[in-house]
Amino acid sequence: MRGRDTGERSKGRWTVFGLSSLLFILSQFYRVSNAIIAPDLQKDLELSAEKLGLLSAAFFYAFALVQVPLGIALDRLGGRRTMTLLSLVGAGGALLFATAHSFGTAFAGRALLGLGMAGNLMGSMKLLTRWFSPREFATLSGLMLAMGTLGNMLAATPLAAAKEMIGWRGSFAMLGLFTAAVAFCFFALVRERPSGEDQPGAPDPTPGPSWREALTTLCRNANYWIISLGTFFRYGTFVAIQGLWIGPYMIQQLRMSPIAAGNLLLLLNTGLILGSPLGGWLSDRVFRSRKKVIVLGLAMMVLVLSALGTGWGETGTAVLPVLLFAFGLFGSFGIVMYAHIKELMPPEMSGTALTGINLFTMLGGAAMLQGLGWVVDHVVAVGERTGPDYHPAFLICAGGTALALLGYLFATDTRP
């Protein structure tokens, strides 16, 4: 009987991991999906470049604003219920976006998508803490982040192919229906905790602290602010460069073709895929330290960004590929920050702690995207952009990441 229970638990936890990963892949897809359909959006909705940027930012801002109440919901309702409800909201957002014929409607659809996808990573982390041991957590969370990169890839060539066949509206309508189907499967198959631990699928039997007490405890912990600073600059820098500015830099300064630039971006994403589980494995098995792995990742990011900012990446044909691969590899070590904050806070506050960190993660992405855009607009002459003018943006990223690195030296370490 015991062996049977063990087998059922093993099967159950991989069901949790698999369906949680699928929802996270959808979140990553929706996050970057506007890039490939941008010309269609501008044409069909009559959008200026400024409005197109605001439309894309709607996802990030809605995602960020819901993080604190999301953490409370995860601690009180559990990951299963919270993720299912929000994913259905996201499905509705995709359908609304698909039927939009005005900026306002499209903006509302993107905002609902951001709201609906906001719980998929943090809710998954909450579930992983129940189904996997602390020694497995960082490795599994890194693997989930790596799998999420599939969403980025699906939002490129596959979405372009789907758009050619059924249009961007048809593509998002189908995706909305698929998201709803996954949400229903998630609710039906996933349980909050293994069957031997209280009632499956139920929220915590012992009420946790009130939301005021949880926020007060979190905000009074110096480590929370250190990790928040780290994730703000780490993710903000990463998404701003990976998602936007490295492309114009390569095409306009280095005179690469879009295909050649795309190949190097693929190399960066390969580093991301490999680095996410590697960082977790190093943290869990090799260094047995959260802080050391995070400091290593931040330090390597500073070196890469400094090289890009000083033009060193342009000194040889093999240099830039190595730099971009290293940027993806070491930049993804930041996923260990989630394991770090989880272990520094009481178990009943894990949801609040994780979403509190994710708030600054998403704010960093929005702020750095807009901030570097301001820098580029003010240092590049209107009409034609030249490569050296992108260097200040890279150096600003290096400075911010160095500040995060300096702060992290004072963080309390934890061991799996």
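Please read every residue number as a count from 1 along the shown chain.
Heads up, the Cβ atoms here are built off N, Cα and C, so glycines get one too.
The feature domain 'Major facilitator superfamily (MFS) profile' is assigned by TrEMBL to 13-416.
If you look up TrEMBL, you'll see 12-32 (among others) marked as transmembrane segment.
The transmembrane segment annotation in TrEMBL covers 52-73 (among others).
For 85-104 (among others), the entry in TrEMBL reads transmembrane segment.
Per TrEMBL, transmembrane segment is recorded for 110-128 (among others). Long-range contacts of the transmembrane segment (110-128) within its own chain (CB-CB distance under 8 A, at least 6 residues past either end) are made by residues 16-17, 20-21, 23-24, 26-27, 30-31, 34, 55-56, 58-63, 66-67, 70-71, 73-74, 78-80, 82-83, 86-94, 96-97, 137, 140-141, 144, 148, 179, 190, 192, 338, 342, 350-351, 354-355, 358.
Here TrEMBL flags 140-160 (among others) as transmembrane segment. Beyond the ends of the transmembrane segment (140-160), by six or more residues, the same chain brings 17, 20-21, 24-33, 35-37, 121, 124-125, 128, 132, 171, 269, 272-281, 332, 335-336, 338-339 to within a C-beta distance below 8 angstroms of the stretch.
The list of residues near the transmembrane segment (172-190) in space but at least 6 beyond its ends in sequence, with Cβ under 8 angstroms from a Cβ of it, reads 15-16, 19-20, 22-23, 26, 29-30, 80-81, 83-84, 87-88, 90-95, 97-99, 116, 127, 162, 166. The feature transmembrane segment is assigned by TrEMBL to 172-190 (among others).
TrEMBL lists 222-247 (among others) with the feature transmembrane segment.
The transmembrane segment feature in TrEMBL is assigned to 259-281 (among others).
Annotation source TrEMBL lists transmembrane segment at 293-312 (among others).
Note on the transmembrane segment (318-341): residues 125, 137-138, 141-142, 145-146, 223-224, 227, 230-231, 234-235, 237-238, 241-242, 246, 250, 254, 264-265, 267-276, 278-280, 282-283, 290-291, 293-294, 296-298, 300-301, 304-305, 307-308, 312, 353-354, 356-357, 411, 414, 416 of its chain, located 6 or more positions outside it, place their CB under 8 angstroms from a CB of the stretch. Positions annotated as transmembrane segment by TrEMBL: 318-341 (among others).
Annotated transmembrane segment per TrEMBL: 353-373 (among others), in sequence order. Sequence-distant contacts of the transmembrane segment (353-373), counting only residues of its own chain at least 6 positions beyond either end whose CB sits under 8 Å from a CB of the stretch, comprise 53, 57, 60-61, 63-64, 67-68, 70-71, 74, 121-122, 125-126, 218, 224, 227-229, 231-237, 239-240, 243-245, 337-338, 341-342, 344-345, 393, 396-397, 400.
Taken from TrEMBL, the feature transmembrane segment applies to 393-411 (among others).
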